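Please read the structure below before turning to the comments.
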Amino acid sequence: MAYAYLFKYIIIGDTGVGKSCLLLQFTDKRFQPVHDLTMGVEFGARMITIDGKQIKLQIWDTAGQESFRSITRSYYRGAAGALLVYDITRRDTFNHLTTWLEDARQHSNSNMVIMLIGNKSDLESRREVKKEEGEAFAREHGLIFMETSAKTASNVEEAFINTAKEIYEKIQEGVFDINNEANGIKIGPQHAATNASHGGNQGGQQAGGGCC
């Protein structure tokens with residue numbers, strides 16, 4: 001399917017926070033309770049619609065283990081968006097956010113949009129990190145914030161789409177150089193065939209998709 005833009009994402013965070021499950025829920029709309037550890041990097045893709053334009057999201061799911069950190073770093077450079085994930089039932093994953101964020105900002109382009117995600121919101125009885133703590137961390141570091149559940153699909157769609165909306169807004173504002181693919185944005189065939197509009201940011205519903 002033709003698209004106006006392709007946005008590259010990277011999903012980062014500690015092992016076991018649900019990165020692969022979030023990707024699977026977004027691309028395939030299913031939950032896999034037992035998931036093998038990601039070894040290196042896995043990949044998924046889906047089409048969405050923003051402001052009447054088809055946007056292809058190309059999403060790289062990275063391993064959380066320290067031994068794979070150098071591989072993860074190489075994917076920061078070509079990403080327009082990052083989903084930084086922690087597990088609300090494991091405080092250590094929240095405590096490690098600063099390290100992940102420093103790594104991301106050191107190795108990515110300065111305009112990369114970062115969405116902070118507190119995953120496993122369905123496990124409220126086991127919560128160790130308050131929602132207010134996530135909100136405060138996001139405010140302090142200039143991030144977008146949502147709590148999600150890869151199991152129930154709560155806010156999963158919104159997390160990926162809202163990140164794309166932020167990227168799209170930056171394109172409209174001229175913040176991103178869309179002719180430089182190192183920024184994680186590629187102009188698609190649909191954009192070339194039509195005049196780019198500079199209207200408001202509307203929509204964001206799925207237009208179909210699948211896992212690649």
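Glycine is treated like the rest: Cβ placed from N, Cα and C.
Ranges compared are 63-72, 103-112, 123-132, 133-142, and Swiss-Prot records motif 'Switch 2' for 63-72. Your range for motif 'Switch 1', going by Swiss-Prot and the list 31-36, 37-42, 85-90, 145-150, is 37-42. On the backbone, the CA of ASN119 (GTP binding site) and the CA of ASP61 (Mg(2+) binding site) stand 15 Å apart. When the binding-site residues GLY18, SER20, ASP61, LYS151 are compared by Cα distance to ALA2 (N-acetylalanine), the shortest distance belongs to ASP61. All protein chains shown were included, and the count of other CB atoms within 10 Å of the CB of ASN119 (GTP binding site) stands at 29.
Counting in whole angstrom, ASP61 (Mg(2+) binding site) lies 17 from LYS151 (GTP binding site) by their C-alpha atoms. A 10 Å cutoff on Cβ-Cβ distances gives ASP61 (Mg(2+) binding site) a total of 23 other Cβ atoms nearby, all chains included.
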